[in-house]
Amino acid sequence: MDKRLLVKRTLGCVCAATLMGAILATHHDSLISVKAEEKTVQTGKTDQQIGAKLVQEIREGKRGPLYAGYFRTWHDRASTGADGKQQHPENTMAEVPKEVDILFVFHDHTASDSPFWSELKDSYVHKLHQQGTALVQTIGVNELNGRTGLSKDYPDIPEGNKALAAAIVKTFVTDRGVDGLDIDIEHEFTNKRTPEEDARALNVFKEIAQLIGKNGSDKSKLLIMDTTLSVENNPIFKGIAEDLDYLLRQYYGSQGGEAEVDTINSDWNQYQNYIDASQFMIGFSFFEESAPKGNLWFDVNEYDPKNPERGKDIEGTRAKKYAEWQPSTGGLKAGIFSYAIDRDGVAHVGKEYSQRTYQELEAGLKKHPVVDNISHTDYTVSRKLKALMAEDKRYDVIDQKDIPDAALREQVIQQVGQYKGDLERYNKTLVLTVDKIHSLKGLEKLSHLQKLELCQLSNVKEVTPDILPESMKKDAELVMTGMTGLEKLNLRGLNRQTLDGIDVNGLTHLTSFDISHNSLDLSEKSADRKLLMTLMEQVSNHQKITVKNTAFENQKPKGYYPQTYDTKEGHYDVDNAEHDILTDFVFGTVTKRDTFIGDEEAFAMYKEGAIDGRQYVAKDYTYEAFRKDYQGYKVHLTASNLGESDTSKVTATTDETYLVDVFDGEKIVPHMTLHVGNGATIMENLAKGAKVIGTSGDISLAEKVVDGVVADSFWTWDTKNWIAFDLNSQVIAKEWRLFNGETDPRFKDKELNIQKGRLQILKDKTIHLENMSKDERDSYLADEQNWITVSEITSNQKIYNGSITDITSRYWRFCVDEGVSSKSPQYTELQILGQRLSSDIASTVQD
């Protein structure tokens, strides 16, 4: 989240010093500053058994939608601070109602020798267990990474992390007699955690998961993470997700959109890659006393002097929206949670208080006369929210009305979830392997299922569209193996593009099938033709083949662009006509089985295909509906002189050769060579990588114009300049090209263009420049009398193309004589186009 989530704070102390102390310590990470109690706690066997049973019920979803709350320990009447004094007598954990499934012990400002800890282990745990509420201790992630608490006493080595994990579980779970551990991971606004600290925290977290949680040795304890971080910003979550019982995501304040849940929706799209919806809980915050800006969430109703009880009403609150929200895919959420449940029923301050600061509150300013005071709560809001979720029919348990077959129902509940609302949201794979399954009725309710595997279901007699998920009509995958008892296979009208995944050889009792009205390619060489013939053979083993018991007609195969094209070289005669490369060489459509259909005539022939006189393509299927449109494709041409253009049109006026790249919008589809007439030899940019041996300007800038990249410009403060370069061997040059100043992508300024310039070669082709001293060479290269001009620029075109009549030379120079304006003339690239001479020819030329 972009905004600062200064979460889980309290400012409820009376005196100014105490107020500031609370302010500095109430972020979740303040948990790290509290020394864990050293006393050993022994809980009675009965409480251990009850707690284990509660955890099992919660984990198995038998409690329905969960409601959880964070109780701030310093607001319990038994809590005392470092001074030994009672802090707030108004509330007690003992009064938390049965509607709260999980109560989090969120401790701060509570001394290690406070009576609270004995009350927790000797009274609260027992009382809350009796009513069905589990208790979980919350600690900050810095207890795991070496920053604070126990973690400072253990080395960051495998043995040390293992010992630290054991100490954490003993101190915070076993000795306190609670039912699990919750680790809080939030964004640090100052003194941010390092990657190394997060890596250590993850290692310790994994060691804790070996001890408690669903995958731990003690499965009677819950292992939970609560966080303000999204998936991409939480490497610890990604590393431990498979071991978590629940992920509690803090969504305090508006989350965007009309329903204020946009962030939740987008986050869930990522979370569902790591956890099930039944592990996902979203949270709101009650109003904390004396909270400053940055910690005012407006998740509950604002105070109304005309209605003092408005804080107990859930209508119109964000808390209610969270209770009603469900993921669109994956399943039903586990439930919701609240922070500062001890403030349940207290209305929120109004918007007029939204900018109040710590300093103002410390000075006794901008405090609300009613809601900033501590008051006794009866947990009305929590009760209402739990009741609202419990009344949600989507949480009704799947029964025989949904899925009549008991064996099928059991497998669906195991993999999908036990609630009716899970059926329509489940979007993963369902694997059915129990031979006791006789009927598949009810699977149609799995409207988002991505893959269905039917394996060894020998007692299933038929598979028909009315009992298959709606997603089968889209892109869901169907796998059938070992279906030896299947007699009727009906996949009619499911938009199936292939029969892949269906073990047709195993359908030994098949008496009829209907695969008509799909998108299958049943042409002679396709794989589906072979599968169809096997299906017909299976039916023929039991009865005579008829139209009624073997339906495969009315196919409408979907068209695709070919992955490869056969044409690697193309040819046009010199006919002075304009030709379209896309139309002539890049065309055609293929089926899912890669059957190529080039044009409408070929499609008409394809439609005539038949099996035993029965046409398999739908008569009303048209070429226009099948063919792929190449309108969005782009063609890039490189001529023999390396001139480039983006067009599919070529006018065949002279012998030429083009290198053709066709783009489908993302990648090159085909690459081909196109010859016009007798073709032409593809030239080389001989200047690319040439050695700059002299210049009137900066040599590092000069090297940019022969690096093969149209980017940085060469320029000098003078309006005239020159560059001399060595092509490293004798060449024969036919053309040259200059990329003028406006091609610099940084400026695109025509006033930087060159108006006049000259391309030159050395008069003396036998000269050995390498034998000269640097000063001698610089003087020689700068002397105009040593050069012959072979071509000139007389216009300020963006890209100037010049002709040279088969010039042979190794050393070249380009001179800028005039720009188009008072600005220093520039150019980004110079190309000399032609071929390098073989060594024997080069020697002859030099001689």
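Glycine residues also receive a Cβ, built from the backbone N, Cα and C atoms like all the rest.
From the candidate list Tyr67, Tyr339, Tyr353, the residue Swiss-Prot records in the glycoprotein site shared with His107, Glu188, Gln250, Tyr252, Glu288, Glu289, Asn295 is Tyr339. According to Swiss-Prot, the residue from Glu600, Glu818, Glu829 that belongs to the Ca(2+) site alongside Lys704, Asp707 is Glu829. Same-chain neighbours of the repeat 'LRR 1' (423-446): 272, 277, 326-332, 398, 402-405, 407-412, 415-417, 452-461, 463, 466-471, counting only residues six or more beyond its ends whose CB sits under 8 Å from a CB of the stretch. Tertiary proximity for the repeat 'LRR 2' (447-470) is limited to same-chain residues at least six positions away from its ends with a CB under 8 Å from its CB atoms, namely 329, 423-441, 476-494. When the recorded positions Glu186, Lys704, Asp707, Glu829 are compared by Cα distance to Glu289 (glycoprotein binding site), the shortest distance belongs to Glu186. Nearest Cα neighbour of Glu829 (Ca(2+) binding site) among the listed binding-site residues (Glu188, Asn295, Tyr339): Glu188. Other than the site residues Lys704, Asp707, Glu829, same-chain residues with C-beta atoms no more than 8 angstroms from the centre of those residues' C-beta atoms, the Ca(2+) site, are Glu703, Val705, Val706, Gly708, Val709, Val710, Ala711, Asp712, Phe714, Thr828, Leu830.
Other Cβ atoms within 10 Å of the Cβ of Gln250 (glycoprotein binding site) number 24 in total over all chains. When the binding-site residues His107, Lys704 are scored by other C-beta atoms within 10 Å, His107 scores highest.
Considering only the recorded positions Glu186, Lys704, Asp707, Tyr339 (glycoprotein binding site) has Glu186 as its nearest partner by CA-CA distance.
Within 10 Å of the Cβ of Glu186 (active site, proton donor) there are 21 other Cβ atoms, across all protein chains.
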